[in-house]
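K.L.:
Take a look at the following structure, please.
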Amino acid sequence: MNDLWNKRVMEFWKEVAPYLKFVLNGGLIAFIVISFSIGSIYYRRFLENPPPDFPIHFLLTCIMLLFIALNPIRTYLREADLIYLVPAEHQMNKYFNKSITASFITQGSVLTFIWILLYPLYLVTNETNSMTFFIFLLMLFIFKWILMLGNWQEQQFQSNVHRKIYSVLRWLISFVVLYVLLTFNSFKGFVFIGIVLMTYFISFRLIPSYMIHWNRLIFVEQQHKARIYAFLSWFVDVPQLSKRVKHRKMLSRSIKLVPFQQENTYLYLYFVTWIRSDLFGMIVRMTLVGIVLVTFLSIVWMKYFIFIAVVYLSGLQILSLRHYHQNMFWVNIYPLPKELRIEGVLKNSFRIHIIIILIISIPFILTITNLILGFVLLALSILLSKIYHRSLGKKL
Amino acid sequence: MNPVLQLKEVTGGYSLKKPVLHGLSINVNPGEMVGLIGLNGAGKSTTIKHVLGLLKQHKGEILINGHTLESKPMDYRASYAYVPENPLMYDELTVQEHLELTAMAYDIDKKTYTNRVEYLVDEFQMRDKLTKFSAHLSKGMRQKMMIMSAFLVQPSLYIIDEPFLGLDPLGIRSLLDLMVKMKEAGASILMSSHILSTIEQYCDKLVVLHEGHVIASGELNDIQLASGLDNPSLEDAFYALVKDGFKR
């Protein structure tokens, strides 16, 4: 079973490796490095001179929450395992333990990194001795481990309702535990945390569960993989890209806006595809976060930074639509020239991108003082998008 | 009368070294339904792929309404509609959107589209499925969706690959009725199937493929004659022919 697990991990990386170089080649790395260095300057300045009533504990809790409450477990299971591995269920403990441990180690290292990053922020408000860093790190590991096991148990639940309740509960408990830990560094606080976590852990016995909920685990694994491929597809064509489809009935009405004409066939196809795909959710979420940040951040250059980031990343995401349907059988059958597909893809993505640029521009221009620079940036974004779309049109 | 579809001495297949089809000649005239029959691997699907223009023949010529794919690609493609053996749908589109997309691709105006779809939707009992996605449809319903798309176009040539599997009896009846109706209106149909009784009953002409060769073609009489049996059913004649085929 140990060998099987190792083999699965190897196979996964073999599958993903060819795409990674495209991710590393892209502008994304430069983007991350630049934002990281800019961020660190800002962070240092903040640490030296923190605003007096800034809710540091609350912020710390919210950031740490992501790394404590989110704890996906990769099992590398496949659909065929329903036939071949289910009969060996009683021997699978080793395999699943390894899955949980491996996920814990990866996410634990990220957690450590984040804690190193945030510790100075914690120091701003708290008296500490030299051991606090390590004691807290140990505590964080223990929370993470318990919540990870909690996540594993959740997956085995028979009913989806229980799963949903417990998933909310997991976030809630993570939040409370973190907040108590960071705010009241005291013995009473530790006792309280201990009681909460014990209760949480014991309560799993009360919920009807499978020993191993194979279908659920396979579904979760597939979704996880789909997310990885969706990310990779921003950079390169990924044939394994599996698609989840959402109807979005209200929005679907806007499909009627595409005129019923032969030349719009692909515009229609890609517009519908966009509305129904995961891509839509990603872009909307990012734009919304962008709007909130641009509106409420008080540091001006951060606004500029967020504006540019949203324009750049949304362009990157929307263009991954071009990988959809390119191997679809019907595309070769329609009495339409091949170039019309590319044209349709680009026309559709350009229009959507313009709309995103305009939407993010509204809070941006309304809240900055240098209006001229604001409009110049808006015009420049549209122009660059146009140039990029055109150059892609030639390349494809 | 010029044939709608003409295969002239077509040799072809996936690789140049190993052709699957050997000197195939088939004519489909206006208002004619031609049945393509043969065992698994006889070359039916390969023939259809050549006609669709997905494979390029090594030798010979394929004409639809007098045009080759090379000479007038858009006219060639616009002249036929295809019903595949395995329904292929876009995951993101509902049934209705598939139909609209097809109408747009084949340059059918909105009014004509509406008229034709209204009829087809009732005929195939798909009204309550119009807003469903491929993932929520059974194989038979997806097959109906493919058939509706093809008959929405009303081209001069229908290419239909084994349409009956997975289709419910009402669906089969509707499909056959539609084919007869289109045929009477002057369209041509090339259909491949293993359901010999249906082929025998509905097709005007038959082409028996065996190992990439046409071993018999023509009307039912001609096939019966070629089999050497005394007034056999198509099934018996077919059996006799392909058994012979093995000996050659």
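Each Cβ is built from the backbone N, Cα and C atoms, and glycine gets one as well.
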K.L.:
In TrEMBL, which of A:54-73, A:294-313 is tagged transmembrane segment?
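P.N.:
Within the set A:54-73, A:294-313, TrEMBL attaches transmembrane segment to A:54-73.
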K.L.:
Against which stretches of its own chain does the transmembrane segment (A:190-207) lie, if we need a Cβ under 8 Å and a gap of at least six residues from its ends?
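P.N.:
Same-chain residues near the transmembrane segment (A:190-207) but 6 or more away: 143, 146, 149-150, 153, 157, 162, 166, 169, 173, 176-177, 180-181.
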K.L.:
Do any residues of this chain, six or more beyond the ends of the transmembrane segment (A:20-42), have a C-beta under 8 angstroms from a C-beta of it, and if so which?
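P.N.:
Contacts of the transmembrane segment (A:20-42) (Cβ under 8 Å, skipping residues fewer than 6 from its ends): 232, 235-236, 299, 302, 305, 309, 312, 316.
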K.L.:
Short question: which residues 6 or more past the ends of the transmembrane segment (A:100-122) have a Cβ under 8 Å from it?
P.N.:
9, 47, 56, 59-60, 63-64, 67-68, 71-74, 128, 133, 136-137, 140-141, 144-145, 148-149, 152, 182
